[in-house]
Amino acid sequence: MAILTASISSGQVTLFVAFLWSVLAYLFSEYLHLTRPPRRDEDEEARTSEADKLLPNGDAKPAASGNGAAAGGGSPADDSSHSSGKAYGAHNSMLESMASSGLVSCLLLKRSALLQHRLVLRQVVEFGLLMLWYFLADRTTIVPEGEKSYSRDVFVFIFVVLTSVAVGSSIRTFKMPLLLNRPQTEEWKGWMQVLFLLYHYFEAKEVYNAIRIFIAAYVWMTGFGNFSYYYKTGDFCIGRFAQMLWRLNFLVFFTCVMLRNSYMLYYICPMHTIFTVFVYVALAIAPQLNTNHGWLFVKILLCFAFIFVTWDLKPVFYAIWSPLKFLLGYSDPRNPTDDVLHEWYFRSGLDRYIWVYGMLCALMHPTAAAILKFIDELPAIRRYTVRTIVLAACGVAGYVYYITIYCKPKYEYNQVHPYTSWIPITLWIIVRNMTPNLRIYSLRLYGWLGCITLETYISQFHIWMKTDVPDGQPKSLLVLIPGYPLLNFALVSGLYVLVSHRLFDLTNGLKNVAVPHSNNAMLLRNVILMAVSSVALWSCVAALYTTAGKLF
Ligand SMILES: *[C@@H]1O[C@H](CO)[C@@H](O)[C@H](O)[C@H]1NC(C)=O
């Protein structure tokens, strides 16, 4: 019986080589850390760090103090920016800066660099181990698999229990009754994500239409959150934008290489990436117009028009995206297709307008908040009357929406989804924010889950369910306790959420090291370094790989 379910690619070997090197470098750095010369106590730190600076050419000592700073500050990026920031003056070339970078020094196993970046190396190794778990769980027969089975009772039961726990133990308050405040949107993401995941796990086909609305709501939040940010801050800095792209694509990139999957298997990632870019571009072009509501409104209308031309006219869509087939193409191995762009057309098409609506809502946000405040300050009787009328209107609208649109069968529903998903989203926002108390309180448990949606989304395919083969859909479940589906669900879910949370922390930790927020020269340097070193390693491995393939 074969253990592997598919052959191994050169990309996978490259990752493995990089991982082995990191393990080596990390263990060496721990060894150096343990065996460094005996030093001062913690409380002497302040006094001796003064002396460290005076040490003329000390190798181990300054590095060790930098290391202490990394442990304390938790942001090793600062270290590298200090050490290379000085070197990266006007009279120093890019090449010198590269040679002195943490990546190169660690590659060369320089002792001082290893000591200084020990904690970063630890993060890299932990990330590698979690990727290895992805691989072992999904692509080998070591962990058995089970079949999905749906019971509405179990599905609803789990959600009710989780919500009860959240209500009973994790209500938190926000300082101001702000319309759509951050904890509230995180809570919103969290409970939608839970339902979205349970829908996959149990294959709860009957809630398909609701899940489509949830995905639309995420895309809505992308438009809303990003627009609000650029509108309020006018901060179009490349560093921050690059950090956002890293956050969205770091895990998915390594997952794709590790498991030989297409980017489009995780369609949420390209979709959010492209709409994030659109919002950025819409506001970063002619930013001086962003102070004027009228002009912003024109920009939003132009976005609608742009989407109409580039998505609704199918030939235009295919013409634009065909060159990117290698990135956005997808064909399900169990159900192959010739039209590899169809998946991208279908998925992105479902939510093509809702991010623009999110921008519109962000633009209207101050007005809506003022209306809410006006209602809150009415005398009691009138206040309750107005709220009752608004809620009743929402109820009627929701009911009409439910029977005329929501209840349509899957395929008919998908036809109208792009033009109607704004209705339930708007109704939910109104109801959820009707009174100041509703706005102040939110559920922290769901908020917590709402922060790691990207990681739970990607992990679900491989360490909660199983896809078995490259580009496969997660058709079966990961089984650690055979014969006890619910116990297994509990154990595997616990592990899965834990791993997802670690991946979230690691993505952010490594982001802070690799993507400087406000140093564009260093950002460029790091991008070049990462690209060159990974391509170089991959080329070597690929060359050896083909040679070996010919030999055997
Ligand atoms: C912009 O959208 C992306 C994708 O949803 C998200 O990760 C990011 O946090 C958003 N930025 C802001 C400022 O809300």
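Heads up, the Cβ atoms here are built off N, Cα and C, so glycines get one too.
Positions annotated as transmembrane segment by TrEMBL: 12-32 (among others). Panel annotation: around the transmembrane segment (12-32), residues 60, 106-107, 109, 111, 114-115, 117-118, 121-122, 124-125, 128, 131-132, 254, 257-258, 260, 534, 537-538, 541-542, 545 of the same chain, lying at least six beyond its termini, place a Cβ under 8 Å from a Cβ of the stretch.
Marked as compositional bias 'Basic and acidic residues' by TrEMBL: 38-53.
Per TrEMBL, region 'Disordered' is recorded for 38-85.
Taken from TrEMBL, the feature compositional bias 'Low complexity' covers 76-85.
Per TrEMBL, the feature domain 'Cas1p 10 TM acyl transferase' maps to 116-523.
Here TrEMBL flags 156-174 (among others) as transmembrane segment.
Residues or ranges marked as transmembrane segment by TrEMBL: 208-229 (among others).
What TrEMBL records for 241-259 (among others) is transmembrane segment. Residues 11-12, 14-15, 127, 131, 134-135, 138-139, 265-266, 269, 272-273, 276, 280, 454-455, 458, 462, 467, 470, 503, 507-508, 510-511, 514-515, 517, 523, 527 of the same chain, all 6+ positions outside the transmembrane segment (241-259), place their C-beta atoms under 8 angstroms from a C-beta of that stretch.
With a cut-off of 8 Å between Cβ atoms, the residues of this chain six or more beyond the transmembrane segment (265-285) that come close are 215, 218-219, 222-223, 226-227, 230-231, 236, 241, 244-245, 248-249, 252, 255-256, 299-300, 302-303, 327-328, 330, 343-344, 347-348, 351, 355, 359, 454, 457-458, 461, 467, 471, 473. What TrEMBL records for 265-285 (among others) is transmembrane segment.
Annotation comment: TrEMBL describes 297-321 (among others) as transmembrane segment. With a threshold of 8 Å between CB atoms, the same-chain residues lying at least 6 positions outside the transmembrane segment (297-321) that come near it are 278, 282-283, 289, 328, 341, 344-345, 348-349, 352-353, 356, 359-360, 363.
The transmembrane segment feature in TrEMBL is assigned to 354-372 (among others).
The transmembrane segment annotation in TrEMBL covers 384-404 (among others). If one looks beyond the transmembrane segment (384-404) by at least 6 residues along the same chain, the residues whose Cβ comes under 8 Å of a Cβ in the stretch are 375, 378, 420, 423-424, 427, 430-431, 434-435.
Taken from TrEMBL, the feature transmembrane segment covers 416-433 (among others). Beyond the ends of the transmembrane segment (416-433), by six or more residues, the same chain brings 179-180, 184, 188, 209, 212-213, 216-217, 220, 349-354, 357, 361, 372, 390-391, 394, 397-398, 401, 405-406, 408, 439 to within a C-beta distance below 8 angstroms of the stretch.
Packing against the transmembrane segment (445-465) from elsewhere in the chain are residues 133-134, 137-138, 148, 162, 165-166, 169-170, 172, 183, 185-191, 193-194, 196-197, 200-201, 218, 247-248, 251-252, 255, 259, 265-266, 268-269, 474-478, 492-493, 495-497, 499-501, 503-504, 507: each is 6 or more residues past its ends and has a CB under 8 Å from a CB in it. Annotated transmembrane segment per TrEMBL: 445-465 (among others), in sequence order.
Taken from TrEMBL, the feature transmembrane segment applies to 477-499 (among others). The list of residues near the transmembrane segment (477-499) in space but at least 6 beyond its ends in sequence, with Cβ under 8 angstroms from a Cβ of it, reads 130, 133, 137, 143-149, 154, 201, 449, 452, 456, 459-460, 463-466.
Among the features that TrEMBL reports, transmembrane segment is placed at 527-548 (among others).
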Who are the long-range neighbours of the transmembrane segment (208-229) in its own chain, taking Cβ under 8 Å and residues 6 or more past its ends? 180, 185, 188-189, 192-193, 195-196, 199, 235, 268, 271-272, 275-276, 279-280, 283, 350-351, 354-359, 361-363, 365, 406, 408, 410, 413-414, 417, 421-422, 424-425, 428, 453
